[in-house]
Amino acid sequence: MKFVDEVRIFVKAGDGGNGAVSFRREKYIERGGPNGGDGGNGGSVVFVADPQLTTLLDYRYQQHHRARNGEHGMGSDCNGRAAEDMVLKVPVGTLVKDANTGELLVDLSEAGQRWVAAKGGRGGLGNMNFATSTRQTPRFAQDGTKGEELTLRLELKLLADVGLLGFPNAGKSTFISRVSRARPKVADYPFTTLVPNLGMVQYKDGLSFVMADIPGIIEGASEGVGLGHQFLRHVERCKVLIHLIDMGAEGEGRAPLHDFDVLNAELGKYSPELASKPQVVAANKLDLPDAQARLEGFTEALRERGIRVYPVSCATGEGMQPLMDSVAEVLFTGRTEKLHVEIPAKAARAGKAKTKAAEKKALARNAGAAAATKSATKKSAAAKKAVTKKAPARKAGAVAKTSAARKAGTAAAKKAPARKSGTAPVKKAAAKKAPARKSGTAPAKKSAVKKASARKSGSSGKAAAKKASAATKRAPARKSGGGRS
């Protein structure tokens, strides 16, 4: 049977039936009252966890599931028949999620668990329900409601107690076939197992548990290399993980310690919670040549980390019982003492030194980060202050420039009179020199003028004296002449 662990389906509940509009019509009854019946309820879609199923293969090819509708109401007070619910059986451990939002709706992790995914519609009321003392002949009825519909994504997480992890061709299928009745395909090539396999392990004293074998995980599985790590969800419910290491992988260019570190790194990328689960490390294929030599180096490397290694051979069954005893102790009691060993003194000292160095580096990084944050905050504060002070500084600079310009203007104004005053004495001196020059030539002219005036005054004085004497002589004559008359 093909293993399918993820499907997308559409479910729709049935609609409710409509109420009937009917009246009583019988002989000798003239006005019969309303007798329309109610509609039936629609069927719901219900999921049930079935322990007999191990795959979602049935839903891969049938993706639409619709419940039946309720029947309509009829006359003579007859109600419609309600539809039966549609029951969808899924394997135990199925997760039902909303395909649009990815929200987890329910985890069907228990056998027989039921969950109503889509509720059916309610049937409508007939007109007989609307008759009153004032409305004795209602000619209407109520319609049924619609059923719910959803698009769901079903994901299967196998319910196993112990999970088998390892690189491809590490011997996981051989291991589960050795300890249980599971018969997976076993071949000498990688990726023989393409789907998870479950096996029931019968332990001592009637104790039993389920073991899950999943396809191999390789480096880069978180990025889609190989089959990816989509199958890791099948071991998320496991309480214990068995980490199977191939001691014969060096011929393929791999080292056991490298495989161990790579697989744990891929687990951490997928889910830190899964990586923190208890791991039982088993070194497989000890029946191969040179496997014992590789086992010593691998065991010593993990001993320095405090991890115990169980050497086994799945082909011959060597070392299987001590391994299964440790697995059962961790599973049923929760004790993990057998999974660890005492770290050697040198390794412990080296580990302490490494931890101290790592702590110092971490402290230095934290201090550097704190200093960087402080400097960044200081720079940001200084930048903010500079931004706030730039505008006033610019204003002050402008004011200073304007005041300086004004002062320069006043100084220039003051310098202009000074320049004028500086040129004025020159002009005054020139003016003084000009009169001086004029005065130097003026005495000669004045003397000449004085001489001419003296000459004129001398002649004019004589003439004036003559005129005055003549006038005096004439005046008495005029007076006397006037007196005679």
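Each residue, glycine too, has its Cβ placed from N, Cα and C.
Record features, source Swiss-Prot:
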| type | residues | note |
| --- | --- | --- |
| BINDING | 166-173, 191-195, 213-216, 284-287, 313-315 | GTP binding site |
| BINDING | S173, T193 | Mg(2+) binding site |
| COMPBIAS | 367-385 | compositional bias 'Low complexity' |
| COMPBIAS | 394-428 | compositional bias 'Low complexity' |
| COMPBIAS | 437-446 | compositional bias 'Low complexity' |
| COMPBIAS | 455-474 | compositional bias 'Low complexity' |
| DOMAIN | 1-159 | domain 'Obg' |
| DOMAIN | 160-332 | domain 'OBG-type G' |
| REGION | 367-485 | region 'Disordered' |
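Mapped onto this structure are the features recorded in Swiss-Prot.
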{"residue": "G166", "record": "GTP binding site", "DSSP (3 states)": "strand"}
{"residue": "K172", "record": "GTP binding site", "DSSP (3 states)": "helix"}
{"residue": "V195", "record": "GTP binding site", "DSSP (3 states)": "coil"}
{"residue": "P215", "record": "GTP binding site", "DSSP (3 states)": "coil"}
{"residue": "K285", "record": "GTP binding site", "DSSP (3 states)": "coil"}
{"residue": "S313", "record": "GTP binding site", "DSSP (3 states)": "strand"}
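Geometry remark: G166 (GTP binding site) versus S173 (Mg(2+) binding site), CA distance 11 Å. Ranking the binding-site residues K172, K285 by how many Cβ atoms sit within 10 Å of each one's Cβ puts K172 at the top. In this structure, the CA atom of P215 (GTP binding site) is 9 Å away from the CA atom of S173 (Mg(2+) binding site). Here the C-alpha separation of S313 (GTP binding site) and S173 (Mg(2+) binding site) works out to 13 Å. Neighbour count (other Cβ atoms within 10 Å of the Cβ, all protein chains): 24 for S173 (Mg(2+) binding site). Neighbours of P215 (GTP binding site), defined as other CB atoms within 10 A of its CB across all chains, total 25.
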